[in-house]
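Enquirer: The structure follows.
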Amino acid sequence: MSRAVRLPVPCPVQLGTLRNDSLEAQLHEYVKQGNYVKVKKILKKGIYVDAVNSLGQTALFVAALLGLRKFVDVLVDYGSDPNHRCFDGSTPVHAAAFSGNQWILSKLLDAGGDLRLHDERGQNPKTWALTAGKERSTQIVEFMQRCASHMQAIIQGFSYDLLKKIDSPQRLVYSPSWCGGLVQGNPNGSPNRLLKAGVISAQNIYSFGFGKAMPWFQFYLTGATQMAYLGSLPVIGEKEVIQADDEPTFSFFSGPYMVMTNLVWNGSRVTVKELNLPTHPHCSRLRLADLLIAEQEHSSKLRHPYLLQLMAVCLSQDLEKTRLVYERITIGTLFSVLHERRSQFPVLHMEVIVHLLLQISDALRYLHFQGFIHRSLSSYAVHIISPGEARLTNLEYMLESEDRGVQRDLTRVPLPTQLYNWAAPEVILQKAATVKSDIYSFSMIMQEILTDDIPWKGLDGSVVKKAVVSGNYLEADVRLPKPYYDIVKSGIHVKQKDRTMNLQDIRYILKNDLKDFTGAQRTQPTESPRVQRYGLHPDVNVYLGLTSEHPRETPDMEIIELKEMGSQPHSPRVHSLFTEGTLDPQAPDPCLMARETQNQDAPCPAPFMAEEASSPSTGQPSLCSFEINEIYSGCLILEDDIEEPPGAASSLEADGPNQVDELKSMEEELDKMEREACCFGSEDESSSKAETEYSFDDWDWQNGSLSSLSLPESTREAKSNLNNMSTTEEYLISKCVLDLKIMQTIMHENDDRLRNIEQILDEVEMKQKEQEERMSLWATSREFTNAYKLPLAVGPPSLNYIPPVLQLSGGQKPDTSGNYPTLPRFPRMLPTLCDPGKQNTDEQFQCTQGAKDSLETSRIQNTSSQGRPRESTAQAKATQFNSALFTLSSHRQGPSASPSCHWDSTRMSVEPVSSEIYNAESRNKDDGKVHLKWKMEVKEMAKKAATGQLTVPPWHPQSSLTLESEAENEPDALLQPPIRSPENTDWQRVIEYHRENDEPRGNGKFDKTGNNDCDSDQHGRQPRLGSFTSIRHPSPRQKEQPEHSEAFQASSDTLVAVEKSYSHQSMQSTCSPESSEDITDEFLTPDGEYFYSSTAQENLALETSSPIEEDFEGIQGAFAQPQVSGEEKFQMRKILGKNAEILPRSQFQPVRSTEDEQEETSKESPKELKEKDISLTDIQDLSSISYEPDSSFKEASCKTPKINHAPTSVSTPLSPGSVSSAASQYKDCLESITFQVKTEFASCWNSQEFIQTLSDDFISVRERAKKLDSLLTSSETPPSRLTGLKRLSSFIGAGSPSLVKACDSSPPHATQRRSLPKVEAFSQHHIDELPPPSQELLDDIELLKQQQGSSTVLHENTASDGGGTANDQRHLEEQETDSKKEDSSMLLSKETEDLGEDTERAHSTLDEDLERWLQPPEESVELQDLPKGSERETNIKDQKVGEEKRKREDSITPERRKSEGVLGTSEEDELKSCFWKRLGWSESSRIIVLDQSDLSD
């Protein structure tokens, strides 16, 4: 009677289907329908009860899942397997647990069902039960717990009466009775029928879900339906297996997941196998525990001498962990012996190898007869329990053949990939495995044990599987001897049908081979078919001797036996023999030939020589071990033969008379061979490795001759003398051969090690060379970073010098913009002014070579600022010109030029005095002759410059701009007296601090630069702004901040112009923020006198008040923009607020950043560019370099030949204003400077410590200024002195900051020319505070002064003694001032004419040259566009204001021209003489000083 069966919900699995009309399909369908009658009818027809559907599910699984108890009973009675694995690894026990029916589960457990099994997700039956819901799972889980408790009680040793009372899981089932109570179930009847106590089932096999247990033997049917007895397999607890006290712990792996450990059980030494799971296993890995259960079931049924015997099963207390107790294994797996612990077993005798192979084949044949397929046969599965004794195990993956050819897999766990190296292709591809699959694996083991190589060269299993899938398969190793080669070649065919050789055939071949070896030891070679069979075989491993029957367990015993035989593996004698064998193994010792042909009791080692030597050629050094064994086994056999047969004794008696002679002759030949080998080895030792490749075919077995090497005739004669050797002589020879083989093996190993060491040393040497190259380039690049370690240039280099071009060092990192590939063009564009031997050799930093244009210029400016305002002014202007040229040329590559190059080039003028201080020591070491030569060259160049005859170098398209800079700076590259002030000393430390901070950036920056002027001393490097002129903004890193006087006020407006344009471009620049942090910006020093001229103030009020206000608004807007890399945020409103009414825009000369200049240049047409460059060449512009848009130029008429515009700013001295205005403006300027520096510092670095330092420095500067103020007042300095001192303040050294304030506080009435002697006096006042300069340097300066004394005397006379008396000059200045006040309006035209006459000569000789030098190359790179409207408008206004200023100046300084007419060139010579005395010059150089200008016409 059928009924519809509903599938439990939620069901963990789906039910499969069968779509055919077979009885098996009908069985499944009737089970699903619940038709018990039809199911029983079909079962009576004798169908296969465990037929599976599409998901691998049996009818029992379906019945248990649906909770059909009657179906389960009948299916179990017909032999259905309760532990059958579906494709997902689940069993009918899982299905019964999910159904929640205790009776179904108890029936399955009673039939042998196991509660420990897991599906592929690692879930056991208890987990399935819990997924069925709380209502159904509660009782079934409690039932499982009762079964586990009962099993634990049995294991713990409870009496047998317990099994009598509860002999079946069904007795543990409880169901609700009609009375509401619990009654005990009956396994043989309905649950309601009670069973009498003490009734025991006749089955007598107890299974409670943890394996079958039985109290006595009983019959059972194997898979082949054969009657058999069940063996007793004890179930023990964990505490019964312990570690032995008299032996160390020994464990080894027995496959990928199993580990074997030697322990003791009840006094018996056993080996326990357990699962080696990771510490935190994945859930699916729990299914690996089923492998031990499967092996336990297989091992409990199988008994064979060569199968590892299972002695007991050890269950943990919670029954979750299973361990199998096997017989003791003393050595380990074959895999560990061959590959992991080969050093412990260096010699594997061939006889042992053959015995092991025979044992494995026998065990495998037994499994096949029993209907099992091992499937996982490998060297892991072969366990060597003792020397020469192997056991086959690892049966967990074994398949059992059942009825109708069905194979039963107890685990459904796929074969591990680690075993794919030995597995047959069909096993790897998870196809049906047969006995041919085991033959394939056996062949792999045979090849592995004979070659010491893991199959597939030890590739990973996943790679092997990919190779098999792609159609790649293994072939037999050609190194195998012939019988074994045939076996392997036949056994590893891809297709199973091609594996024609079965295990019985293989066993027969191995047996015969063993017999042949044994018989060959006691018969003549002509009688031995083995020798004849192998002699013609071309393979190198033909002759495999068999060892004795007593292989040693440990290498120590083998070493002892070697010693007993007299072997000395490390002696020179053996080494010499081995060397010869290595050099030409085809030419073995003739005694080996004799031993082969004369006596077969000792195997011939000649083939072994060839076979051993072939090992390196094939790249398989692992052959050495078993090849050594062959020689070694021959020695052992000789020992046995010496003691054994009477035939041997008779041969000794017969050969007695000739034995001693033959032995002596043999020893002599051996000595000869050793000597020859020594000589030959010493000559050709280097080529021994290459000569180890040879072929066994080179040996001529017919005549014994050598095809590759002809031995001496005596050696050939020795062959005939040794034909009648006795066994004693054979023993001695075999001993030598053994030593030879051992040493040959050692030498091969040493050669490999030496080769590896040589490779490593070569790699290390290459790395060291590369590192040294990097370090050399790095050190070269750091030469200018540590500039103080290098001497100053001893003279100007030649004009046509081009620095070398070097490649970038590997250790130097390019900047973030990645523009270094454009740097190789720099050396041609930037000629250096330093000595050729001192230039930078690293291409990465050659972008800063042009910075040396400003190096010498700024150095001379710093010196001139120590008391020569006039010269310093001119030099500052020249520096502006050169700096503009340099910055332009250094950025010719375009707006994306290397930021690090911009960084390095623009900081060249950072270091004012420190570079000279650093190099004082090296300068003192210079040769006096070099100084003299330099002096003469400078003198000659100065003459040319003074007379306007300076030659023009030829035009170079790529270096035209820098050539002008070079020519402009040649007069400046002179030695300077080391006059320093305390502030200069501090500045030296500041530069060192910068250098220390900059070096780790990886850019070898050039910090060896000169100072432009006083402000360069006062201010370090200003971030972001990069032009070279005369004024810098305060650096946050600086330690002192002397006041500027009006110089900073002038620079403030200039700063705005530059900052405004640059801040816009900085947002578009490709430079990284880090690359522009130390870029400096210098500004023109404006006319100080105009600030203090009442007429200038009036002019300012009339003409520029409104534009300045507009500009100030623009300035504030520009400075409100965020700056990259921590640019200074200047509060210009406060800085310029107090002086807005007296600061004309025309007083500021904006020297914009390099990018601005390049952009302007690239944007304009060539014609406009030429006009602009021509305008820049004006001599007037040399005093105030400007590079501005065309709109800023104004047409003007002047006497300079090629100028068509008025300069935008002229820093010529004008008549000073009142004392009060000067003093007040100075104080305002001082406050502005202080505020600016503090604001700038806080915005950039926010370092309270440095801000405090700056404040302290300013306080000290103010105090010093006040002291000098009083000093000036007490010395009755005329008011006219102020103007000159104001001019001085822009260029005076850092050592005289307070002098500026002192000068400001005096009345401004005298001209600049009159103020020089007093300025020198005050400058000397501070110079005296410094420590004395180097005596050697002073001597050099004094020598230069003496050599040019006549010129100096002449200048001193005309200039009233250069130093001049302060009183005379003061008197003249007073007269001049009075004259100016009276005749300012009358002498305007006269002064204009005089000024034109003074400058006419200079213009006439220099204009063309300067114009031509300023012509930029046509290939200048386009730059980014920047807004120029506001700047041009500002410059136009500056020109207007400048014109008015010059008019006022000319009107109030009439006496200046008068004094010039009276004194002639005395004033100018006075300045020059003082300047020359400082520098050691005897004649003037080209220092252009324009005090006034007539360009305003």
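Cβ atoms are placed via backbone N, Cα and C, with glycine included.
On a predicted model such as this, the values are computed, not experimentally measured, just so you know.
So Swiss-Prot lists these for the protein:
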REPEAT    55-84  repeat 'ANK 2'
REPEAT    88-117  repeat 'ANK 3'
MOD_RES   S175  phosphoserine
DOMAIN    227-518  domain 'Protein kinase'
BINDING   L233, P234, V235, I236, G237, E238, K239, E240, V241, K273  ATP binding site
MOD_RES   S437  phosphoserine
MOD_RES   S567  phosphoserine
MOD_RES   S665  phosphoserine
MOTIF     795-801  motif 'GPPX3Y'
REGION    848-877  region 'Disordered'
REGION    963-1048  region 'Disordered'
MOD_RES   S1106  phosphoserine
REGION    1144-1174  region 'Disordered'
REGION    1348-1470  region 'Disordered'
MOD_RES   S1404  phosphoserine
MOD_RES   S1459  phosphoserine
MOD_RES   S1496  phosphoserine
Enquirer: So which one is it: of the binding-site residues L233, V235, V241, which has the fewest other Cβ atoms within 10 Å?
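Expert: Comparing Cβ neighbour counts within 10 Å for the binding-site residues L233, V235, V241 gives V235.
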Enquirer: Which number gives the other C-beta atoms within 10 angstroms of the C-beta of K239 (ATP binding site), all protein chains shown included?
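Expert: Step by step: centre on the Cβ of K239 (ATP binding site), count other Cβ atoms within 10 Å, giving 9.
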Enquirer: If you run through the repeat 'ANK 2' (55-84) with DSSP, how many residues end up as helix, strand and coil?
Expert: 17 helix, 0 strand, 13 coil
Enquirer: Considering only the binding-site residues L233, G237, K239, V241, which residue has the minimal Cα-Cα separation from S437 (phosphoserine)?
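Expert: That would be L233, nearest by Cα distance.
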Enquirer: Does DSSP give L233 (ATP binding site) helix, strand or coil?
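Expert: SS state of L233 (ATP binding site) = coil.
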Enquirer: Report the same-chain neighbours of G237 (ATP binding site): residues 6+ apart in sequence with Cβ closer than 8 Å to its Cβ, ordered by sequence.
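Expert: Listed in sequence order, they are I155, Q156, C314, L315, Q317.
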Enquirer: Per DSSP, what is the residue tally for the repeat 'ANK 3' (88-117) in helix, strand and coil?
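Expert: Going through the repeat 'ANK 3' (88-117) residue by residue, I get 17 helix, 0 strand, 13 coil.
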Enquirer: Can you give the mean pLDDT for the domain 'Protein kinase' (227-518), rounded to a whole number?
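Expert: Reported value for the domain 'Protein kinase' (227-518) is a mean pLDDT of 89.
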